[in-house]
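Visitor: Could you have a look at this structure, given as structure tokens, before my questions?
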């Protein structure tokens with residue numbers, strides 16, 4: 001299978017705007033050149049060893065080779081620090097809850113993708129479930145069990161009893177094990193505080209995971225680090241250590257470029273939001289766009305080019321950009337760089353333009369920071385950012401709902417929302433753990449069709465753009481856990497409570513997104529449901545796009 005039938009240049013991701021590539025490219029930030037590559041790097045499988053230094057000098061290492069990329073993308077905010085409110089797609093397996101509408105109290109409407117949940121919350125104890133796993137994998141009378149004198153009548157899982165095996169015995173058993181089931185069993189044991197089983201399973205997992213292997217092996221490598229970090233209560237310290245070893249600006253931009261090129265997730269956000277804003281603002285003479293995660297500002301070049309061709313002349317456009325630390329590092333400077341690029345681009349199209357930057361965390365935004373002028377038609381953009389804002393379960397300030405009420409007070413003509421279709425916000429540890437496994441399994445599978453597994457650049461992209469997100473969801477709790485996704489049903493409730501009504505997406509928005517997806521593997525799905533768009537991989541809903549007013 002192939003991910004890109006032909007590698008698209010930046011301007012063609014919104015082909016409905018018919019913008020010549022060369023006219024946009026000259027104004028793009030340096031990372032745009034990465035999009036001109038027609039394939040992934042042919043660098044071999046020789047990798048490096050990535051070390052995670054924790055607070056108590058405990059060293060965690062990931063075997064290096066190759067990896068896949070992440071949901072975060074080239075304009076993505078995601079990657080560097082736990083204190084950041086960025087995640088690319090900051091970002092479960094091929095499942096949905098259409099067949100199980102009661103899967104979560106937050107899922108008011110369900111996903112249009114069919115499947116079943118992988119979370120097993122029955123009342124059976126861990127030992128019973130591990131016994132079932134052992135039987136399903138090895139049979140009721142495993143000769144390995146006998147030869148190793150591993151007694152399962154006591155309820156211990158074979159993998160959990162491997163700590164006493166020698167290397168040859170462990171290696172003989174591993175091919176018979178299902179990696180995802182072992183990962184789930186390890187998470188359940190940790191949830192139940194069965195530390196002897198956890199130790200045995202982690203010993204087995206060390207032999208099974210590989211960041212250069214199959215999608216589940218690569219995911220398993222990062223999940224294992226998350227489990228270790230949780231055991232050591234060192235999730236935030238791993239983030240700090242990794243931040244000290246972060247790549248240079250040009251390297252990070254390159255990694256983001258790889259992800260942007262091989263994944264449609266950010267293009268899904270840009271394409272759908274731009275199509276909605278263009279439609280709503282078609283007769284407005286003065287437009288003010290407030291972008292809560294402007295990143296490199298690339299999205300707005302396409303919209304400026306489209307609005308410049310409007311009959312009767314282009315409107316006056318003002319953009320207020322809200323920054324994030326990852327994008328700041330990747331671009332090698334503040335939002336003035338974005339403002340200058342967009343200003344030069346708008347000038348080339350004779351579009352009256354003004355840029356206003358707010359160099360602060362989105363949770364800190366107040367009304368006076370947005371600088372809204374009378375007579376402006378306001379559009380607000382939330383691209384994979386709201387899930388980073390703490391809600392009522394984290395802080396009494398509940399910035400998630402506070403910001404929505406603030407935006408509503410601006411009387412915007414439209415608000416665009418794109419988020420991961422995942423439920424990790426208030427879920428208890430084990431449910432969140434399995435949800436993370438499921439979501440990232442689907443994501444890694446979707447990326448596996450895009451680049452060779454021995455591509456060194458892809459492993460670098462994954463390590464610097466996704467590993468921290470996985471560690472954060474597994475290892476951290478409270479304010480330190482910034483990856484807090486919610487399903488569209490829950491976002492619908494939040495927007496409704498803030499006074500918004502949904503703006504159903506038109507057929508022109510759907511056509512623009514479908515046109516973009518033609519460049520990718522046929523296993524990507526697009527479904528219209530209840531006025532919103534769902535982007536999926538096979539049977540798993542990965543992201544949603546909706547609009548509000």
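Going from the start of the chain as shown, residues are counted 1 onward.
Quick reminder: no glycine exception, Cβ is built from N, Cα and C everywhere.
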Visitor: Identify the region 'Disordered' range according to TrEMBL, selecting from 41-82, 83-124.
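Guide: Among 41-82, 83-124, the range TrEMBL annotates as region 'Disordered' is 83-124.
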Visitor: Other than its close neighbours in sequence, what residues sit by the motif 'VHIID' (287-291), given a CB gap under 8 Å and a spacing of at least six beyond its ends?
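Guide: Non-local partners: 277, 281, 299-300, 303, 307, 315-322, 370, 372-373, 376-381, 383, 407, 410, 412.
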Visitor: Could you tell me how many residues in the motif 'VHIID' (287-291) are helical, how many are strand and how many are coil under DSSP?
Guide: 0 helix, 5 strand, 0 coil
